[in-house]
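A.B. asks: Structure below; questions to follow.
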């Protein structure tokens, strides 16, 4: 009798069941989602929250760095105390000289008196004289400057170095925490977030956070200390003037606040747009073969560019705000100059409260402080960008997982038998809450039995397995193991009891031994060998160059589908799990391998609970219990005989399969009656007997008649990845030479109008500083004039000039900010687009290189384009600004004292040496840092792209450990970089004070001995030293410049590479009457990444137009490789592939592929709507909806699509994750049908379908083949026997060919494969 579904009592464990309601439903997931939504709406990152990952050591480093930054900041207003005193000395000295020049005055007894005048004979003037030795005074002041310079060198080094080290440590911890949280968030959450979106922070956002919490912050603290100290000094001694000067500070603060808020908001929007673009890039590069096959390169570039446009808009808006308010603040500062000198001169000249030196000291203390506030705006931009970037990262880190795979909570049973029950389970995928997948599913899976779940695609079979594995939690109801709700279990313990093999196996980038050892880390070599033998993988592994130590590429991409599946099965078997889940586990195998693996699985059944999802009745018959599923519910249960009597879901499945195979069996019996093949029945015992008999027979005759299965085309495994890298033709990343500045500049050529305007603004802004020095020295000179009215007149005129400079600065600063933001964003967008386009234009062999994994390429794409701006865009504005500054300063300086100017210029080489050293060392750091982060990016991409496999085998911690180990390299480099940058920064700051020291000493000599006016000394020194300061400020961008040269070099390397197969080329032959005649002529081929392994060895086969050719052979014999040659993913090393008599190498690549449609065994769908996925079949035109529907109907997917709430607008999720495999395959078939190709390639196109769908789709494919040339790769006889030509392959060559009847008459390899009962391989 068939068993009815029995509901057992459930043992609930205390606090672990807090989510159960009175009705038994479990609503914790829903509540969590609501909490997450509320949280995400209110997340705002405060500035100090950026340092939440700091340790006590980091805090100490930041405190010491801040203390040194404060001391450094005090140095500037502190030196003004010396400067003010020195000014009074200069003015007193010049005043004395001016008075002594008056006829009738002389210095008598250190007092100026009138002489030789009858009226004023010997009348004293009261002015002291003869007491000042100006040269000695300047020696004293020079000593003060030198002492402060040495202090600045020390504090400058410490502030940059300590903050850099602390930031590096915190960023490292932040990266680790973010990756840990992603890995423990659960499958449901990852479904709702694309892999590209989750990966983007690793390459972009963390860099922005680092910029906001490392050297920029130290410089900001230094800059903020100057105004604070200056204001304190001013208020303590000269409050009147200080109060007037500081009155404009609130307006400056308002501008700074607006900049901070606006930039933060715009940066957040910009980052989100880039994250979407990164998601597109990751998806496309991960699916490169599908994109190439359907000619989607241009379409994908356009899709990528659309997201870049949004980012560009926000970036330009950010530049407008920055330019406007930077100009606004400079305008206020110059207005403040005018006000301060006008009012200050009144206090000096009319009221006599202050000396000129005091006026200068107050003024410069406050104004330099205000200037530092203005210069802090780039830091504010970095802080705002860092906060915006941290917002989404911290939101993820703080999010509470619905299913925490690393939680230590939950029960662990000492013994487990494997009893599983579903209690009224209803389930919706988190990303598609409106679609009910399971609908009150109730079923019991008894321990030690093999239970098969059968039913049409989309019935919820695979979903049920995912609930057992606790990838998701049920929306309602519960799943129990040993009568315990699995939501109360320890997740890792539960998953360790489960082994899983899926239809589309995922193998990570390791040796085969390590791939299998992922199942159990403590497995010995003997365990690995035993598991490989049980999975029928041992023989092909031993044929590999390095056997179990062979490296087979990312995802196992260098193995055939069947070989990958067998390794995945070995990985599951080595766990020796109590519960084994088989989700279409053998669908990718040829019949030969499937039979052997099925027997191996049947041997492991003892003591294990096996739950199998399969479509083939031959696979299902070995089950003890069969459960029929339909519409998300279990509708029948029983043994095979019972379900056949019931005539329900299973009966319909078997009937369809039987009808399909009946013709096959009759044909075989007719052709081979002498072999007396017993007719197969539905009896489980008979099936197993015949299976074992066929296996025994195969051991005698199998493909030993054929040549021995060739070694699988894989590359030799090297002891390390570095050794493997040496074997590549491309240079290692560390060998890339920095790009030339000239070529980098050419990148911005299309934006020359913007850059011209911006450069004009920058030139004016650069001239402002030396003009300020000129006006400032002019004002000082007026205080030594004897005529008070003349003093007042000149000061008023100079104040008006300051107002004029303010107005000009407002306009030019805005012009510079806007135009360079515009040109920079256009450059970034174009570079990203060109880089992405160049990547998609590479040949498929290029993507086989381990350095060009999807993770590495998306990381490179995201960072390189933005970092190139470090040598172009706004950096050009900085260079023009600095160049103009120096040029105008030199002109002024040489006009007034060429000797003093030359003395100061002697210090310029020291500044240049500092910048050159910094550039050279940081360039090396940038290259190595990029390489190390790309390796980490490969790990994150591999883990997140295959999160189901990672979770299924419980290796989250292993990936986390590997990722964290890779982070050690960039961390150590960041420590070295902090020391180098700190030393260079301290030196560049110190040299200004040393230059001042020497200049004033020499200036005193020139005043004393050559009569140089003191105002000229001020004018020359101020102009030259301020211009040198501008150069020093420009050198602070050296790290960005160093990174830019490396990033640009990498871009040029990509853009300059000429792929052997250029998809964008318009060259090549085209013809109107494309027939579809195909000839493989003595084709020999080795994959570019493994040239030592021969995959095709003289493949020769021809087919006429509208014929069907079927390739038959063992896994790894080159069947799929031949299809890739036809698609021109690769070209043969020897021989030709002829299309209508044209050598494929000479045919236009776009024209060729536009006439070919392909349906692969593992369908790749994109994260867009079903409609867009089907439209992807023909990217040359806009496909009307009628054609899409017609193609869907032919592929038997239309009814399913119409049952969805959003119908054809339904998003299929990342890689089609929201659909069953059968649904994905049918959409892929519809995509091929809508292409209407002349040549149709079917690579196991129906292997993933249930019998009912397979029959209908096979009919559709048969119709689609009419009038077309078709190449079929299949393992099932029914799929290939009606082919016009059947080619049996082995060792990369065709060993026999003909029709089914001809090959049966020949009684060769094909005949024996059919007649012995041994499946076709």
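Any Cβ shown, glycine's included, is placed from N, Cα and C.
Straight out of Swiss-Prot:
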type     : residues  : note
TOPO_DOM : 1-62      : topological domain 'Cytoplasmic'
DOMAIN   : 62-385    : domain 'ABC transmembrane type-1 1'
TRANSMEM : 63-83     : transmembrane segment
TOPO_DOM : 84-147    : topological domain 'Extracellular'
TRANSMEM : 148-168   : transmembrane segment
TOPO_DOM : 169-215   : topological domain 'Cytoplasmic'
TRANSMEM : 216-236   : transmembrane segment
TOPO_DOM : 237-240   : topological domain 'Extracellular'
TRANSMEM : 241-261   : transmembrane segment
TOPO_DOM : 262-319   : topological domain 'Cytoplasmic'
TRANSMEM : 320-340   : transmembrane segment
TOPO_DOM : 341-353   : topological domain 'Extracellular'
TRANSMEM : 354-374   : transmembrane segment
TOPO_DOM : 375-755   : topological domain 'Cytoplasmic'
MOD_RES  : 586       : phosphothreonine
MOD_RES  : 587       : phosphoserine
REGION   : 651-672   : region 'Interaction with HAX1'
REGION   : 659-735   : region 'Disordered'
MOD_RES  : 690       : phosphoserine
MOD_RES  : 701       : phosphoserine
MOD_RES  : 704       : phosphoserine
COMPBIAS : 714-731   : compositional bias 'Basic and acidic residues'
TRANSMEM : 756-776   : transmembrane segment
TOPO_DOM : 777-794   : topological domain 'Extracellular'
TRANSMEM : 795-815   : transmembrane segment
TOPO_DOM : 816-869   : topological domain 'Cytoplasmic'
TRANSMEM : 870-890   : transmembrane segment
TRANSMEM : 891-911   : transmembrane segment
TOPO_DOM : 912-979   : topological domain 'Cytoplasmic'
TRANSMEM : 980-1000  : transmembrane segment
TOPO_DOM : 1001-1011 : topological domain 'Extracellular'
TRANSMEM : 1012-1032 : transmembrane segment
TOPO_DOM : 1033-1321 : topological domain 'Cytoplasmic'
MOD_RES  : 1214      : phosphoserine
MOD_RES  : 1321      : phosphoserine
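Are these features on the surface or tucked inside, and what touches them?
C.D. replies: Per-residue confidence over the topological domain 'Cytoplasmic' (1-62) averages 51 (mean pLDDT, predicted model).
Away from its own ends, the transmembrane segment (148-168) comes close to residues 54, 58-59, 61-62, 64-66, 68-69, 71-72, 75, 78-79, 210, 213-215, 217-219, 221-222, 971, 974-975, 977-979, 981-983, 985-994, 996-997 of its chain (Cβ-Cβ under 8 Å, at least six residues beyond either end).
Using DSSP to sort the residues of the topological domain 'Cytoplasmic' (169-215) gives these counts of helix, strand and coil: 40 helix, 0 strand, 7 coil.
Counted with DSSP, the topological domain 'Extracellular' (341-353) comes out as 11 helix, 0 strand, 2 coil.
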A.B. asks: For the transmembrane segment (870-890), which stretch among 63-83, 320-340, 756-776, 795-815 has the most Cβ pairs under 8 A?
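C.D. replies: Counting Cβ pairs under 8 Å, the winner is 756-776.
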A.B. asks: Is it the case that the transmembrane segment (320-340) and the transmembrane segment (980-1000) touch, counting contact as three or more CB pairs under 8 Å in which the residues of each pair are 6 or more positions apart?
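C.D. replies: No, the transmembrane segment (320-340) and the transmembrane segment (980-1000) are not in contact.
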A.B. asks: So which of 756-776, 795-815, 980-1000 has the most C-beta pairs under 8 Å when paired with the transmembrane segment (63-83)?
C.D. replies: 980-1000
A.B. asks: When you scan the chain for residues with a C-beta under 8 Å from the transmembrane segment (756-776), skipping those not six or more beyond its ends, what do you find?
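C.D. replies: Same-chain residues near the transmembrane segment (756-776) but 6 or more away: 337, 798, 801-802, 805, 808-809, 811-816, 818-820, 823, 876-878, 880-885, 888-889, 892, 1018-1019, 1022-1023, 1026-1027, 1030.
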A.B. asks: Looking only at the topological domain 'Extracellular' (777-794), what are its DSSP counts of helix, strand and coil residues?
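C.D. replies: So the topological domain 'Extracellular' (777-794) is made up of 13 helix, 0 strand, 5 coil.
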A.B. asks: What residues in the same chain, six or more past the boundaries of the topological domain 'Extracellular' (777-794), come closer than 8 Å to it by Cβ-Cβ distance?
C.D. replies: 87, 90-91, 94-95, 98-99, 102, 341, 345, 348-349, 356, 360, 1013-1016, 1018-1019, 1022
A.B. asks: Is it possible to list how many residues within the topological domain 'Cytoplasmic' (262-319) are helical, extended or coil according to DSSP?
C.D. replies: 54 helix, 0 strand, 4 coil
A.B. asks: With Cβ-Cβ distances below 8 Å as the criterion, list the same-chain residues six or more beyond the ends of the topological domain 'Extracellular' (237-240) that contact it, or say none.
C.D. replies: 347, 353-354, 358, 362
A.B. asks: Which residues of the chain, 6 or more past the ends of the topological domain 'Extracellular' (1001-1011), have a CB below 8 A from one of its CBs?
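C.D. replies: For the topological domain 'Extracellular' (1001-1011), the nonlocal Cβ contacts are 90, 93, 133-135, 137-139, 142, 897, 899-900, 903, 1017, 1020-1021.
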A.B. asks: For residue 1214 (phosphoserine), what is the tally of other C-beta atoms lying within 10 angstroms of its C-beta?
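C.D. replies: Excluding its own Cβ, residue 1214 (phosphoserine) sees 26 Cβ atoms within 10 Å.
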